[in-house]
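If you check TrEMBL, you get these features:
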- A:9-286: domain 'FAD/NAD(P)-binding' (DOMAIN)
- A:320-387: domain 'NADH-rubredoxin oxidoreductase C-terminal' (DOMAIN)
- A:425-472: domain 'BFD-like [2Fe-2S]-binding' (DOMAIN)
- A:486-535: domain 'BFD-like [2Fe-2S]-binding' (DOMAIN)
- A:561-625: domain 'Nitrite/Sulfite reductase ferredoxin-like' (DOMAIN)
- A:634-768: domain 'Nitrite/sulphite reductase 4Fe-4S' (DOMAIN)
- A:Cys643, A:Cys649, A:Cys683, A:Cys687: [4Fe-4S] cluster binding site (BINDING)
- A:Cys687: siroheme binding site (BINDING)
Amino acid sequence: MTHHIQREHLVVIGNGMAGCRAVEEILARDPNRYRVTIFGAEPRVNYNRIMLSPLLAGEKSFDEIVINDAAWYADNGIELVSGDAVTAIDRAARTVTARSGKVVGYDRLLIATGSDPFIIPVPGASLPGVVSFRDLDDVDAMLRAAEGGGDAVVIGGGLLGLEAAHGLSLRGMKVTVLHIMPTLMERQLDEAAGWLLKTALEERGQAVLIGADTAEIMGDGKVEGVRLKDGREIPASLVVMAVGIRPNVALAREAGVAVNRGIVVDDNMVTSDPAILAVGECAEHRGMVYGLVAPIWEMCRALADALTTLPSGYAGSVTSTKLKVAGLDVFSAGDFSGGEACEDIVLRDASRGVYKRVVVKENRVVGAVLYGDTADGGWYFDLLKRGEDVAPIRDALIFGQAFASGGGQADPKAAVAALSDDAEICGCNGVSKGQVVSCIAKGARSLDAVRASCKASASCGSCTGLVENLLALTLGDDVQSGPKTMCSCTSFGHDDVRREIVAQDMRSIPEVMQKLHWGTPDGCSSCRPALNYYLLCALPGEYADDQQSRFVNERMHANIQKDGTYSVVPRMWGGITTPQELRAIADVVEKYDAPMVKVTGGQRLDIFGIRKEDLPAVWADLNAAGMVSGHAYGKALRTVKTCVGSEWCRFGTQDSTGLGVKLERGFWGSWMPHKFKMAVSGCPRNCAEATIKDFGVVCVDSGYELHVGGNGGIHVRVTDLLVKVATEAEAIHYAAAFVQLYREEARYLERTAPWIERVGLQHVKDRIVADEADRDELAARFWFSQQFMQDDPWAERAAGRQRDYLHRPLAEVRPLKQLEGAEA
Amino acid sequence: MMSEWLDVGAVADVPLRGARAVPIAGGEEIAVFRTGAGRVYALVNRCPHKAGPLSQGIVHGDSVACPLHNWVISLASGEALGQDKGCTPTIPVEVRSGRILICRDAALKLAA
Ligand code: SRM
Ligand SMILES: Cc1cc2nc3c(=O)[nH]c(=O)nc-3n(C[C@H](O)[C@H](O)[C@H](O)COP(=O)(O)OP(=O)(O)OC[C@H]3O[C@@H](n4cnc5c(N)ncnc54)[C@H](O)[C@@H]3O)c2cc1C
Ligand code: SF4
Ligand code: FES
């Protein structure tokens, strides 16, 4: 090396992926331009940090993940100062000082200090046994902890956390992943893919707790477990914190270099000081900080160009992510959160566990999420980066490159036409194209008819599109459209969806959407409330109600009014009230300035004009007087109207008020397909209008006539007589069986009247009157589910235990008055 | 100089597929939405149909169904979708370090 003296001295702080890559790029362009010194805080050569995951999992050794071995530094005349962190930069003197006291002068300084793992500041965070996942020392610490087996908790369900969890499981630990958000890897995945991932991890034996907020790491001298804010405790001898990273900017900030979230650099990676550059995770370029290597490689190229030949300028990167967990294929790229003019193309194949979603905006791919089959990830990412016009292959895009690029095959109909007769159409039921075509030839003229005759598309529905194309090919315009689907998100009708939820034991909305191939990422305002109800009905006590899938009234437990205020109707059992209740209602009306209080058509009092913010206080006051929610807002039991009955009325035959109160006390709180009204009249004069109710009782001398399917609403329908019984107990028993049959069979938003018209009174009688065992089972299922339903939603809210933020604004903006003379 | 953006709270304070309201003293409310995919939007909290409070609707995809008569409003453009015609003003919003920032000028105009 002859020009030693004249060469500029380039000092690099950080012997990591960016620092070394930058040096490699510079050497490749001009090996003689700079004399290079690299400081590294870690006591070792540069290795491939992303391979720490396979290292932890035992799939790689350290030697296999070294990028630049000692020979590389020597061969290129690079001085490596390892195990010695730089502690200060003196910009005026152009020197750096290391922990050891070593001082080195520079002409150019490159800061490549990467990021620091973020440690959540909870009690116990510094206990031995709490580690982060960033460098080799962390992996060593985890491997030591894993030697004894035992329990590990990983805090953070992002890429790093899941890779740590995977590695620790393979090393024999029992792993629980705690994730604060509702979806795993929420920054890379949408809800549907996150759900699939969670299910797959659980199948592999990991416990995944979502919405888990850590309160404390417990332990005396060493980690013993983690306590969550909701009180749950999880034992652990190892806690890995993988909740995020922060750009490591302390050195630059102390030296007075401009720092925002990261060290601010221009397109040539130069900081606010022209002699200092920054690259990698510590750098902030055009407002972006990156945490992946692909953008770092691009930065390093631009940096080397500027330092040696001609500046090329870095313009920012679009990124893609892959999870490095063997057997779990997860890919995401670009912006898949939707947005203006964005269109989602979704393909779900439940039998193969595949979910693909490509987001297209103005005929360009702008984002993609792939789960289960990531083979086309690179292709979508390439289309995205090149901004290619995908209009010509739009219809076949989601099927992947092989299909979409096949020239004439880009038309799905043509692709189906080209299939051989033996080609399998329906994987679930093993139906070939030839069989579908012959069943169409034999007269099946609709999707439904095909499903009924040869079973194609009758199970998971993923081949629905293929079957529809075959129908169109074979019949042209003669295809009959099938029964109405739930909404445009799905090709299934309500009954199919309900049947499959039970048959396949589905347990959450994302699961239903995946298994039944929903065409939208998170449904719409028609299907979400319906699915929420169907799951609630199918899994009493187990299903966690999704509040965001409920209409406003059910979410707020009050009826919204045209001016955005709410009306409040407390329950009045059987229409009976007391002076205390009336007084409490009167007090509420005055205290909260309610503009109106009215006697309703359902024999109760309705308080109008309550502000959203005041609802919890109003409920607390009403609760204090012993009243609970009247569910005047709910697809649930509304009122049980009663008349005076035998206790007072000169015609009364039975205690109609007493029975009404019993019914209301037994049935309140149950969620139903639609609202449900009852009434009990004490004699056939029927003052309580029992014969236009969903379930009406008309008392007679010899017992109780039970009437069903009445409706006083838009289309008045008089009830049908179901049966006559002798005792109150029987009346209540039949009511339970009837309500449960309705809950299990009716479509969402179908009241009993249209339901009975559809299925026929005979069907209802067959199940409830003729079949005693069936009746008993229905009633038993109803009472079982009731034990989970009768929590007063008002009490929970009023106590501030549940979602009370719903009633508070996020923030309030109070513009300051402009003061005279004062500068704004 | 006052900053151009107002910090109205943490992203995590708005439920996924939900919304929260931000009243402007002496004026209208702003509705801040968070979609299932985690994107944040802000609109004036008033449906173009009959002024329904959009923050109380069901959020799906990048739209919200108004709680009063089920018009579906695009969160990105404020336009009514489908057959319905009308538009709600959008408020520029940004997310930085987990905080929601709304445009100061646009917010203050609502107070006028
Ligand atoms: C308050 C009340 C009117 C009154 O002041 O008397 C009322 C008020 C409303 N009714 Fe009603 N109905 C009221 C008794 C009735 C009755 C009479 C009865 O229950 O004995 C009927 C006919 C009986 C029936 O339902 O079969 C009735 C048939 C309807 C219908 C038509 C239902 C149908 O199946 O066709 C609707 C619309 C709907 O539910 O989709 C409706 C919907 C509504 C809604 C919930 C409209 C809405 O979605 O905002 C009104 C809510 C006002 C509020 O904010 O409180 N209301 N409504 C009555 C409340 C009773 C109670 O104490 O809970
Ligand atoms: C377990 C794991 C898995 C990952 N998987 C992937 C993946 O699959 N795909 C992907 O694209 N990315 C992945 N990443 C991220 C990727 O590793 C980083 O983006 C990349 O390493 C950043 O490079 P960097 O040089 O900026 O920082 P680093 O590689 O962290 O290098 C910075 C170096 O600077 C040193 N340093 C800090 N301060 C000083 C100082 N004052 N003096 C001297 N030295 C100092 C540090 O010790 C460190 O060695 C993963 C990261 C981890 C931890
Ligand atoms: S008509 Fe009505 S009030 Fe009179 S007896 Fe019969 S039930 Fe009682
Ligand atoms: S006010 Fe929004 S739909 Fe009518």
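Note that the numbers count up from 1, one per residue, in the order the chain is shown.
Every residue gets a Cβ built from N, Cα and C, even glycine.
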Binding-site residues (A:Cys643, A:Cys649, A:Cys683, A:Cys687), the one with most neighbouring Cβ atoms at 10 Å: A:Cys643
Across the domain 'NADH-rubredoxin oxidoreductase C-terminal' (A:320-387), average pLDDT on the 0 to 100 scale: 84
For the domain 'BFD-like [2Fe-2S]-binding' (A:486-535), residues assigned helix / strand / coil by DSSP: 26 helix, 0 strand, 24 coil
The domain 'Nitrite/Sulfite reductase ferredoxin-like' (A:561-625) - residue tally per DSSP class, helix then strand then coil: 29 helix, 14 strand, 22 coil
Environment of A:Cys643, A:Cys649, A:Cys683, A:Cys687, the listed [4Fe-4S] cluster site - residues of the same chain whose CB lies within 8 A of the CB centroid: A:Val644, A:Gly645, A:Phe651, A:Gly652, A:Ser656, A:Ser681, A:Gly682, A:Arg685, A:Asn686, A:Ala688
The domain 'Nitrite/sulphite reductase 4Fe-4S' (A:634-768) - residue tally per DSSP class, helix then strand then coil: 49 helix, 34 strand, 52 coil
The domain 'BFD-like [2Fe-2S]-binding' (A:425-472): DSSP-derived helix, strand, coil residue counts: 26 helix, 5 strand, 17 coil
